[in-house]
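Asks: Encoded as C-alpha cells, here's the structure I'll be asking about.
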Amino acid sequence: MARPDLHERISSLRKLRVAQERVRVRRQVGRRDGVRLEIDGRWLTGFCSNDYLGLSQQFEVVAALQDAAARDGAGATASHLICGHHTAHETLERDIAEWLGYPSALLFGSGFIANLAVQQALLSEEDDVCVQDRLNHASLLDATRLAGCRLRRYPHLDVEGAMRQLKGAPEGAAMLASDGVFSMDGDVAPLRALSLVARMQEALFYVDDAHGVGVLGPQGRGCVADAGLGVAEVPLQLVTLGKALGGYGAVVVGEEALIRHLAETARPYIYTTALPPAQVAATLAAVRLARRDDWRRTRLTELIGTFRDGARRHGFELMASDTPIQPLLCGEEATVMAMSAALEQAGFLVGAIRPPTVPEGKARLRVTLSALHTPQQVQALVDAIVQARDVVSRQPQRALA
C-alpha cells in the first residue's frame with residue numbers, strides 16, 4: 001500500500017476550507033497607537049486585542065524594556081537550567097507569586113507551553129485522567145492529548161458533570177482543569193464549587209486564569225482570589241503575561257513541591273530558551289502598575305457597562321459576561337463575516353469568531369474592551385453595530401440570531 005501523499009492531503013484540506021469559507025488570514029498591522037491600529041493604510045479603532053489594562057505601550061513598561069535590552073541584549077541565550085535564568089526572571093517569579101498569594105512560581109514562554117508542561121509533568125501514567133470543561137481553551141485540551149493521559153469533558157459550567165466524570169475514572173491520578181474566564185464566552189467558571197468537587201474526588205484543581213488576572217479580584221489578582229480561594233483550594237494556577245499585562249509569556253504559580261517538580265521534569269520548560277530578560281523587565285513594570293492602578297479596572301468596568309447597556313437597548317443578544325470579553329451572537333458564519341466587514345468599513349476592527357473555534361450556529365462578534373477606550377468610542381461602536389445589523393439583515397438569508 002502506498003503512503004498518503006502529504007501535499008495531496010493538505011491540498012484537499014485547503015480546498016475544503018475554501019469551499020466552506022473557513023480560510024484563516026492574517027491582517028498586517030503597520031503601526032499601533034493605544035487602541036488605534038493602522039491596517040492597509042487605514043487607521044481603525046480596535047475592539048479585538050487582549051490589552052485589557054492598556055499596559056502594552058505604557059511609558060514605564062516600554063522604558064523598562066528598552067533599558068534592559070540596552071543592558072542585557074536581545075535574548076536570554078540559553079534555557080533556564082543552563083545559563084538563561086537571569087535575575088529578572090527570578091524577580092518576576094517572586095513578584096507574581098507574592099501578588100497572587102502563592103509560595104512559588106515558574107516562568108514559561110507561553111500559556112500553551114505552560115499548559116502542556118503542567119500536564120506532561122504531572123499526568124504521566126496511562127491511567128491518569130484530566131477532567132475538563134468542554135469549552136476550555138484549546139491549549140488545555142491539546143495538552144491532555146499530547147501528555148498521553150485520558151481526557152474526560154463535562155458540559156460547560158456543569159459542576160455535577162465534573163463530579164460524574166471524576167467518579168467515572170477512579171483509577172490513576174486526577175486533575176480537574178478549568179479556564180477562569182472563558183475566552184470565547186467571557187463568563188467565569190464556578191471555581192468555589194469546582195474546588196469542592198476536586199477535594200471530594202482527590203483531584204488536583206488547576207485553573208488557567210489567562211483572562212482574569214489583572215482584571216478581576218482585589219488588586220487584579222484574578223478569578224481565584226475573586227472567589228475567595230487560594231493555594232489550598234487551587235494548588236496550581238496559570239497566569240499569562242500577554243493579555244492584561246501587555247507583554248508575552250506565562251507563569252504557573254503553585255505549591256512549592258509542585259513548582260519544583262515542574263522545573264525538574266517538565267520537558268517544555270527544560271528544553272527551550274528562556275524569555276528575553278528585556279521582555280521580563282517590561283512585565284515586572286506591568287505587574288507593579290496592574291497591582292497599583294485600580295483606576296484601570298474601575299474604568300474598564302464602566303466601559304463594560306456602557307457597552308452592555310447600549311447593546312441591550314438595541315435588542316442585541318448578549319452572553320452572561322461581566323468581563324472585557326463581550327460576545328454578540330450572530331448565528332451563521334456568513335452573517336458574522338458580513339457584520340465584521342461592515343464594521344471595518346465604518347472604522348472598527350472587531351473579531352469574527354466562527355466554527356470550529358465556537359460551535360456550529362454560534363458564530364459571534366467578539367468585542368474586547370480596554371481601559372484605554374473612551375466612552376465615546378464604545379458608544380460609537382454600538383452605533384456602528386446597529387447600522388451594520390440593519391445593512392446585513394436586508395441581505396438575503398442573513399439575520400442576527
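A Cβ is built for glycine as well, from the same backbone N, Cα and C atoms used for every other residue.
Pasting the relevant annotations from Swiss-Prot:
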BINDING   Arg24, His137, Thr357  substrate binding site
BINDING   Gly111, Phe112, Ser183, His211, Thr240  pyridoxal 5'-phosphate binding site
MOD_RES   Lys243  N6-(pyridoxal phosphate)lysine
Asks: Among the binding-site residues Ser183, Thr240, Thr357, whose Cβ has the fewest other Cβ atoms within 10 Å?
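Replies: Each of the binding-site residues Ser183, Thr240, Thr357 was scored by Cβ atoms within 10 Å; lowest is Thr357.
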Asks: Taking DSSP as the reference, which of helix, strand or coil describes Lys243 (N6-(pyridoxal phosphate)lysine)?
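Replies: DSSP call for Lys243 (N6-(pyridoxal phosphate)lysine): coil, neither helix nor strand.
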Asks: Say we define neighbours as other CB atoms within 10 Å of the CB. Which of the recorded positions Arg24, His137, His211, Lys243 has the fewest?
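Replies: Fewest other Cβ atoms within 10 Å, among the recorded positions Arg24, His137, His211, Lys243, is found for Arg24.
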Asks: Report, in whole Å, the straight Cα-to-Cα distance of His137 (substrate binding site) from His211 (pyridoxal 5'-phosphate binding site).
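Replies: With the alpha carbons as reference points, the distance is 11 Å.
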Asks: If I take the alpha carbons of Thr240 (pyridoxal 5'-phosphate binding site) and Thr357 (substrate binding site), what is the distance between them in whole Å?
Replies: 20
Asks: Between Ser183 (pyridoxal 5'-phosphate binding site) and His137 (substrate binding site), how far is it from one CA atom to the other, in Å?
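Replies: Answer for this pair: 7 Å between alpha carbons.
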Asks: What other residues of the same chain, not counting Gly111, Phe112, Ser183, His211, Thr240, have a CB atom within 8 A of the CB centroid of the pyridoxal 5'-phosphate site?
Replies: His137, Ser139, Asp208, Ala210, Leu238, Gly242, Lys243, Ala250
Asks: Consider the recorded positions Arg24, Lys243, Thr357 and say which one has the Cα lying nearest the Cα of Phe112 (pyridoxal 5'-phosphate binding site).
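Replies: For Phe112 (pyridoxal 5'-phosphate binding site), the closest Cα among Arg24, Lys243, Thr357 is found at Lys243.
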Asks: C-alpha of Gly111 (pyridoxal 5'-phosphate binding site) to C-alpha of Thr357 (substrate binding site): distance in Å?
Replies: 18
Asks: Could you state, as a whole number of Å, the largest distance between Cα atoms of any two of Arg24, His137, Thr357, the listed substrate binders?
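Replies: About 18 Å separates the two most distant Cα atoms.
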Asks: Would you identify which of the binding-site residues Gly111, Phe112 has the most other C-beta atoms lying within 10 angstroms of its C-beta?
Replies: Gly111
